[in-house]
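The annotation region 'Disordered' is assigned in TrEMBL to 438-458. Residues or ranges marked as transmembrane segment by TrEMBL: 39-57, 69-88, 94-117, 137-160, 199-222, 289-311, 323-341, 347-365, 386-403, 409-429.
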Amino acid sequence: MERNLKNVLVISFGFLLLFTAYGGLQSLQSSLNSEEGLGVASLSVLYAALILSSMFLPPILIQKLGCKWTIAISMCCYIAFSLGNFYASWYTLIPTSVILGLGGAPLWSAKCTYLTIAGTSYAEKAGKNAKDIINQYFGVFFLVFQSSGIWGNLMSSLILSQSSTKVEISEEDLECCGAYNCLTDTTNTTGSAKPSNSLIYTLLGVYTASGVLAVLLVIIFLDQIKSDQAETEKEKLEAPSFWSTFLATFRHLKDKRQCLLIPLTMYSGFEQGFLSGDYTKVYVTCALGIQYVGYVMICFAAVNALCSLLFGKISQFTGRKLLFALATVTNTACMIALLLWKPHPKQLAVFFVFPALWGLSDAVWQTQTNGLYGILFEKHKEAAFANYRLWESLGFVIAYGYSTKLQAYVKLYILLSVLVLSMVTYGAVEYLEAKSSPGTPTATKKENGRPCSQETRM
């Protein structure tokens with residue numbers, strides 16, 4: 001096997017193992033650690049730490065340690081979060097959430113840097129176009145990585161479904177589920193009672209082992225990039241200091257288009273935060289039980305992955321405006337339906353329809369918003385994607401921050417309001433683009449593979 005391709009596969013399967021654990025654990029936080037809102041508070045802190053991390057840590061760590069050891073050490077930060085869940089309290093989960101947030105940005109930056117250098121290196125040897133090879137490598141990576149959401153949630157559902165405490169949910173308890181949920185710990189008052197400690201420890205043990213395997217895979221099989229290969233990339237990383245990067249990020253806000261895209265970028269964090277922090281708790285866990293959370297999130301992950309691939313291909317034919325319109329209509333319909341629907345165990349299929357439609361919409365928000373940033377700010381990509389990470393992460397922080405303070409219907413109204421505002425400001429961006437270049441059709445092509453800015457998905 002060609003050496004560079006071997007390294008791409010090592011990174012891909014390392015991320016698959018790591019995010020199989022983290023993805024499953026993230027989906028369960030609002031249900032598994034519901035006392036005093038500990039689970040969603042930890043996720044809010046995690047994304048706040050990610051914001052700080054993305055501004056200064058990646059260049060420093062990659063310069064000092066190289067890509068291989070930055071990836072390995074950052075992966076250990078994710079394992080720390082799994083360990084913190086063994087004895088979940090404010091004194092264990094919040095610090096480990098900070099550690100994970102700090103490790104998140106260097107992990108994804110090092111991965112992007114490694115794949116870029118590997119692709120460039122192979123292209124030079126083979127006499128091929130570097131851009132084409134890099135796109136192929138990212139395509140391989142995301143093909144493997146995207147399935148992590150399926151495996152992690154499948155593990156949680158299979159293990160937690162072994163619980164022997166199957167309690168019948170009364171109609172009175174079901175009244176506390178849905179948009180007008182009672183602001184109480186519903187996970188302990190309904191049939192969705194917390195699984196036994198032995199099952200939780202088994203699940204956490206499997207997740208921790210998966211993370212450890214990821215680290216070992218990288219340490220043992222991933223080749224360190226030679227210093228001469230990394231020289232050009234190193235010069236790029238050495239140039240910006242923390243303050244120059246920080247100031248460049250906010251200096252980019254002078255661009256009117258960037259300011260207008262802030263609501264759309266934050267909405268991406270809001271809508272993902274609602275699905276993983278609120279839908280899983282007040283609809284799924286409350287009415288069906290925590291063992292169903294994994295199955296529901298598998299549905300979301302599978303549809304999201306398939307639609308991401310589909311929309312990335314068809315956007316060049318349909319244009320991004322049509323796809324944004326599709327996502328807006330789909331998300332709006334879901335929100336209105338969630339406001340009206342009273343979840344009941346007899347309506348099992350409905351619980352899966354919502355995450356499937358949500359996955360379709362999220363695929364548009366991710367692929368097209370990333371592509372839009374790349375097209376609009378081609379000359380200032382670093383500052384633009386730093387803003388993308390900043391505002392999407394802020395959306396996560398806010399969504400998880402108010403998760404335990406407001407009823408679900410209030411959050412749905414907030415989500416709907418932000419979506420409407422996002423589409424108004426996005427329309428203004430398209431208007432400005434059309435006005436500035438009336439004779440040139442707006443670019444809609446998207447490169448194969450997802451942009452490196454996907455790190456906010458953690």
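Here the Cβ of each residue, glycine as well, is placed from N, Cα and C on the backbone.
Curation plays no part in TrEMBL annotations; they are all automatic predictions.
Of the Cβ pairs linking the transmembrane segment (39-57) with the transmembrane segment (409-429) and spaced 6 or more residues apart, fewer than 3 are under 8 Å, so the two regions do not touch.
Residues 30, 37, 40-41, 43-44, 47-48, 50-51, 54-55, 105, 245, 248-249, 252-253, 258, 262, 265-270, 272-274, 277-278, 369-370, 373, 411, 453, 455-456 of the same chain lie 6 or more positions beyond the ends of the transmembrane segment (386-403) yet place their CB under 8 Å from a CB of it.
Long-range contacts of the transmembrane segment (69-88) within its own chain (CB-CB distance under 8 A, at least 6 residues past either end) are made by residues 11, 14, 18, 21-22, 25, 32-33, 38-39, 46, 58, 61-62, 95-97, 99-100, 102-104, 106-107, 109-111, 114, 201, 204, 207-208, 211-212, 214-215, 218-219, 222, 224. Here the transmembrane segment (347-365) has long-range neighbours at 264, 267-268, 271-272, 275, 279, 283-284, 287-288, 292, 295-297, 299-308, 310-311, 323-324, 326-327, 330-331, 333-334, 337-338, 341, meaning same-chain residues at least 6 beyond its ends whose C-beta is under 8 angstroms from one of its own. Proximity of distant same-chain residues to the transmembrane segment (289-311), defined by a Cβ-Cβ separation under 8 Å and at least 6 residues beyond the stretch ends, is recorded for 23-24, 27-28, 31-32, 146-147, 149-150, 152-158, 160-161, 163, 187, 191-195, 275-276, 279-280, 323, 351-352, 355-356, 358-360, 362-364, 366-368, 450.
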